[in-house]
């Protein structure tokens, strides 16, 4: 068959990374990215971009660890390259602090991040409300530059990128051999997935260049993540809320909570409020499916539902989705060669 045509629907961090992994694993493919929204208007643009795994109850831990490890290794290599600044990727050290010692003092990802250790008594004095903590170094992606860097990489490999609202995957069957669904929260409408729901996140982006270390409360609700130009303060987790409007009361609450962890933030300037809807599910949907209508078949690979943990596992899930695309293409080539016989 001629060069297989693959369409990737969605241009957040998962969609762009999946398209890139397909071009790397299947150089003969013709890949197109279709989305109605691109950076700076995606959910990924609001994300803090910290590599900090979120646990998916419906996905085996060893699989989650593999996704995280592949993502960490990939971004660590970029952070050690001349492209680190353009891609917005850098190492950041800091603390995760707990009011009560957690049941699991050694999380499953502790040997993937760098230098993981319990905090010393002297370090804990900085957090009088907390009695236990973990210190380590991880990676941070400044999201808008990273998305633009991914787009640039895709264009350099000949990937076509179009603004297009896809209402039904089936509308692509006459143009493409395989379709990859990376629609995030859009999958609820696109494929009628009732298991995906929004978790609204409101964050503040502030100018506080003296803040060099990340601080995260163990409950995951309050966090301070320094980026290259701005510090992200968070946050909220509002299940089933679709509102994209910033809430002033929430802004004050986030700011006060972050100042209780890092009082120097009272001097932060130029506060910008951002809202995103995390595409949440019990487990990431990462699988093959064949749609059929009237004897015509359309192979589809789904890769969505990453919730709050998209940046932490995006490269690992993209590699797996690219492998599934390879399986779809092999099956198509097998059936076309059988048809010739």
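Cβ from N, Cα, C; glycine included.
The FAD binding site annotation in TrEMBL covers 43, 44, 166. According to TrEMBL, the feature D-dopa binding site maps to 223, 278. According to TrEMBL, the domain 'FAD dependent oxidoreductase' annotation covers 5-324. The signal peptide annotation in TrEMBL covers 1-19.
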Per the Cβ filter (under 8 Å) with a sequence gap of at least 6 from its ends, the signal peptide (1-19) is approached by 26, 28-35, 37-39, 42-44, 47, 141, 143, 146-147, 150-151, 154, 159, 161, 166, 169, 172, 175-184, 186, 190, 303-304, 306, 310-311, 314-315, 317-318, 321-322, 325, 329, 332-333, 336
Other Cβ atoms within 10 Å is the metric here; tell me which of the binding-site residues 43, 44 scores highest. 44
Around the Cβ of residue 166 (FAD binding site), how many other Cβ atoms lie within 10 Å? Please give the count over every shown protein chain. 19
Quick one: largest C-alpha distance among 43, 44, 166, binding FAD per the record, in angstrom? 19
